[in-house]
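To start, the structure under review is shown below, and the notes come after it.
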Amino acid sequence: MYLYGTQTVNEKGHLTIGGVDTVDLAHIYGTPLLVYDIALFKERAAAFQETFKKAGIQAQVAYASKAFSSIAIYEVAAQLGLSLDVVSGGELHTAVAANFPREKIHFHGNNKSYTELQYAFDEKIGCIVLDNFHEIEMIKEISEARKEKMNVLLRVTPGVHASTHDYITTGQEDSKFGFDLKNGQTDDAFLKLHNHPYIQLLGMHCHIGSQIFETEAFRLAAEALMTKMVEWRQKFKFTCSVLNLGGGFGIRYTAEDEPLHPSKYVEEMESTVLSMARTYNYPLPEIWIEPGRSLVGDAGTTIYTIGSTKEVPNIRTYVSVDGGMSDNIRPALYGAKYSAASANRMLDPHSDKVTIAGKCCESGDKLIEEAFIAQPVEGDLLAIFCTGAYTYSMASNYNRLPKPAIVFCEDGQHQLVVRRETYEDIIRLDIPLQKIGREQSK
Ligand SMILES: *Cc1c(COP(=O)(O)O)cnc(C)c1O
């Protein structure tokens, strides 16, 4: 069994995270409970930051906060000197509530609304990453009306697409995001912004995929963007000061995943950008990156309570837990794989092969197809590892299940940072019948 970060097994045979016994946490806060190892989050952030620092390269490491958005995680990110990517007014509002330094907030998304863009101007955020021509028109209108400046990056699709275990390069990128680098769209976008009195184009951005395990795709993407930057410098005497190469760095969900150390990705980017800058005598741009999953993914562990167990003779044993696709939709949505352990009996042999099922009314609500755990007894605690990214942020109230609580642990201390939803929360937006469909009384 693979333990992450500060995880250990104590003398009672219980899983601990950040020096805190998870069985105690389950008693205090209930289950399902999402537990974050804050020391591990900090370690991951430092690994990216320090690699840039060592090379003496100006950089911003922006936490791509759609992976897990809450006031408390934004507060930790701010303390660490991270920048912050938001993709909606709601995430921006959370950042404002956390009093995140505005100049370090970057706004993403392929369909930002007029209202969201206004909000970004109201808060004077650091940068808007422009995705399409519609946004260019809107941002021109807003900045001219308000006579206010805004920094922007152009999001481009470099024709490099990386996924879990390989990458492909295509001439024409079929993506809903960004301007195509090769068919002239990126140049058109550039010309619409060039020399604008209020819009300051800082440079280019790309994000080539997620859960990537090799560095080659990042090198190709950096080369593609730098090539365009060199062209603009020759043609238009315009120099980009920022090259944003996105996120997508892979993490270990199960034993099959073999992620690289964060420094490896950063070093590949650095050497590509340095060598191209030297070749073309281009002033070295700042490199920005946007890790999401690789900052919070393995720092999160979900603790569930085991309820019913059902044996289908000669086929499999279902072990059901008190959450499921409502708090982690990734297995149902894209076949994501996880590993688990019996959190209250870590020292018992984990030799029972079972399927971990959720409690939602969908046959597809299985969290782990094949898990090895201690012989399950009702009331046992089950830890599913590496659930820190794209779980709570994608959670729903399907079957009107309340969303779980979230607790941060570090140095033997724990603090609730998102409280568990109550049944009152579940109905708080409901409005009982007033007119429509109400039986008429005479
Ligand atoms: C989702 C996203 C990221 C983060 O991706 P991870 O795989 O979580 O690292 C970074 N940048 C952009 C633009 C994204 O959309």
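In case you wondered, yes, glycine gets a Cβ from its N, Cα and C as well.
From the candidate list TYR265, TYR280, TYR390, the residue TrEMBL records in the substrate site shared with ARG293, ARG330, TYR334, GLU362 is TYR390.
Between the candidates GLY248, GLY335, GLY358, GLY437, TrEMBL assigns the pyridoxal 5'-phosphate site shared with GLU290, PRO291, GLY292, ARG293, TYR390 to GLY248. With the fewest other Cβ atoms inside 10 Å of its Cβ, the least crowded of the binding-site residues TYR334, TYR390 in this structure is TYR334.
Inclusion criterion for the recorded positions LYS66, ARG330, TYR334, GLU362: a C-alpha placed within 10 angstroms of the C-alpha of TYR390 (pyridoxal 5'-phosphate binding site); this criterion is met by LYS66, ARG330. Put simply, LYS66 is the one of the recorded positions LYS66, TYR334, GLU362 whose Cα lies nearest to the Cα of GLY292 (pyridoxal 5'-phosphate binding site).
Only GLU290, GLY292, ARG293, in sequence order, out of the binding-site residues GLU290, GLY292, ARG293, ARG330 have a CB under 6 Å from ligand 1. Apart from GLY248, GLU290, PRO291, GLY292, ARG293, TYR390, the pyridoxal 5'-phosphate site neighbourhood in this chain, defined by C-beta within 8 angstroms of the site C-beta centre, holds ALA64, ALA67, SER210, GLY247, PHE249, SER294, LEU295, GLY297, ALA389.
Of all the binding-site residues in the list GLY248, GLU290, ARG293, the shortest Cα-Cα distance to ARG330 (substrate binding site) is found for ARG293.
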